[in-house]
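Working notes for the structure below.
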Amino acid sequence: MLLRWHSVIPLFLTMTVALPNTYRTVVEDLPAIPEGWVQGNPPSPETSVRMNLAVGQRNTRTFEQIVLDISTPGHRNYGKHLSRRDLKGLLRPRRETSNLILSWLEESGVPKRSIVDDGDWIHFVISISQAERMLQTRFYYFHDVQDPGISMIRTLKYSVPSRLARHVYMIQPTTKFGKPKKHANSVASLQVIYSSTNATENCNATITPRCLRELYKMGDYVAKPDCRNVIGISGYLDQYARYSDFYKFLELYAPEMKGANFSVAHIGNGQNLQNSTRNSIEASLDIEYALGLSNASAVFYTTSGRGPLVPDLDQPEQEHNSNEPYLDQLHYLLSLPQEALPAVLSTSYGENEQSVPERFSHATCNLFAQLGARGVSVIFSSGDSGVGSSCLTNGKKKITRFNPTFPASCPFVTSVGATFKINPERAIGFSSGGFSDRHSRPVYQNDAVQHYLDKLGDQWKGLYNPKGRGIPDVSAQGANFAIYDHGKVITVSGTSASAPAFAAIIANLNAIRLRANKPVLGYLNPFIYGKGREGFTDIVHGGSKGCVGYSSTNGSTPAVPYASWNATEGWDPVTGVGTPNFRILAKIVQHME
């Protein structure tokens, strides 16, 4: 059903290469150097690199079903979240598989002390010369054509012994090109609308915490802080959460939350510089609304680096990589003991699904599922490109296509679209949605999505995958949020605003459950499409836009006249099942078993 790591095996994985005394299977083979890069000299043979090896899983179906069972209200296992030890035991490969890989690493010269066997993942440090022998490849520096100062060590092809081919799912960094770009266009980028020192309380013009409280029927509810109810905020791309701005925001817009605070967890040398002059709009928005509405304990997870990128027109490699380092953050979180995990994780970043290597996207989605198994509600903004921006596939055959987004397309995250206006709320044009080309439609979504497709008929046929996971799941206000950043009030828009607002509501629902001696909600989607459905207000006005024939980063692109996903009765691919009604949801979750 979901996360079929071995359900689609690329042709190159079946190719074997005859070498002296052995056979090898090519894992990845790029046909050419990616556009925007030039090959330079080989690195020093002594240069060290940290590799991450994803082990092929044997219990995928069992694991998926367990996650669904413990996340479906009414099931006998509902709320029985797994400990780290239980999860690792479930996912740990057969001993012979681990031994086979570990023996290969040691035989290849990988220092035993550098190998970390984490069951379904194995991490190790190796020199370039050893890596070249082990993977039967050559590494080179590759330089950015437009910015020669940016370079990275990569290869175009690597292989493993054929006896290991079904055990080694992925090794990186190898063929994954990409580079850091500061504040690039991500699918959940924020749009600064205007600056003001006196933001209006007119909720049709400016959104504040008070507006959201009234709109989503939260009233004056303020939860008591609970160490079991931590809300985590993801910080990428050199975004820093500034304490001075946060305190001033609470003073102006959420005085009832006076005394709220957040801590910082540094992942992979991530920083949270308080005196930086860099734009910090995303971090300010996320932390101010997550805590301005929830009063939960909060952790800002600041992560350095970037993830791998498969270039497309919206994110061509030479300038526009904004992929985030999900793996670093996920491995860190999953290493934590149960009491240190956040109950809710809100992330306001993403990219076009096709820009992420397919195996990388499946491996990452599996890790999101692991967080869900441990009781974490993983929430992502759906994106800000409507039905798509470039609307063109990035394969050898360039085909006009609506572009779904990732990680919103992962079935084990809850994706949040955007609305605007009140009385009634309306779908906003930039709210990303659609259907995944990588992940099949999960069973909990079948009825809701099929109902929409039946009404859609043949419209947009061939431009999307009708069997794919539908995006988003829910929605919330996403336009003209007042925030305090670098000493001033500004308003911003994007599904980046919708995600932390929705996450705060989930944190408040968790507080109600904990007070009733019940477990936190955990992975949300089976609840949202099931018993929780009546707690959402259906959005039936407005729609998304896109495919206008122009990409903000690459100029002329295919145009699809009147391309849109319309908000309609029931689930739709712009607002999901609708916006939350806290009053109704609170009654549902208080007694839910």
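The backbone N, Cα and C atoms fix where each Cβ goes, glycine too.
The shown structure was predicted, so the numbers you read here are calculated from the model rather than taken from an experiment.
Here is what Swiss-Prot records for this protein:
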- 1-18: signal peptide (SIGNAL)
- Asn198: N-linked glycosylation site (CARBOHYD)
- Asn204: N-linked glycosylation site (CARBOHYD)
- 206-592: domain 'Peptidase S53' (DOMAIN)
- Asn261: N-linked glycosylation site (CARBOHYD)
- Asn275: N-linked glycosylation site (CARBOHYD)
- Glu282: active site, charge relay system (ACT_SITE)
- Asp286: active site, charge relay system (ACT_SITE)
- Asn295: N-linked glycosylation site (CARBOHYD)
- Ser496: active site, charge relay system (ACT_SITE)
- Asn554: N-linked glycosylation site (CARBOHYD)
- Asn566: N-linked glycosylation site (CARBOHYD)
Minimum Cα separation from Glu282 (active site, charge relay system), reported as the residue among recorded positions Asn204, Asn261, Asn275, Asn295, Ser496 that achieves it: Ser496
Nearest of the glycosylation sites (Asn204, Asn261, Asn275) to Asp286 (active site, charge relay system), judged by Cα-Cα distance: Asn261
Distance, Asn566 (N-linked glycosylation site) to Asn261 (N-linked glycosylation site) (CA atoms, angstrom): 40
Closest of Asn204, Asn295, Ser496, Asn566 to Asn275 (N-linked glycosylation site), Cα positions, recorded positions only: Ser496
Residue among recorded positions Asn204, Ser496, Asn566 with Cα closest to the Cα of Asn295 (N-linked glycosylation site): Ser496
Cβ contacts of Asn566 (N-linked glycosylation site) (under 8 Å, same chain, 6 or more positions away): Ala427, Gly542, Gly543, Asp572, Val574
Model confidence over the domain 'Peptidase S53' (206-592) (mean pLDDT, whole number): 90
Candidate with the highest Cβ count within 10 Å, taken from the recorded positions Asn204, Asn275, Asn295, Ser496: Ser496
Rounded to the nearest Å - Cα separation of Ser496 (active site, charge relay system) and Asn204 (N-linked glycosylation site): 19
Neighbour tally for Asp286 (active site, charge relay system), based on other Cβ positions within 10 Å of its Cβ: 30
Cβ packing number for Asn261 (N-linked glycosylation site), 10 Å threshold: 13
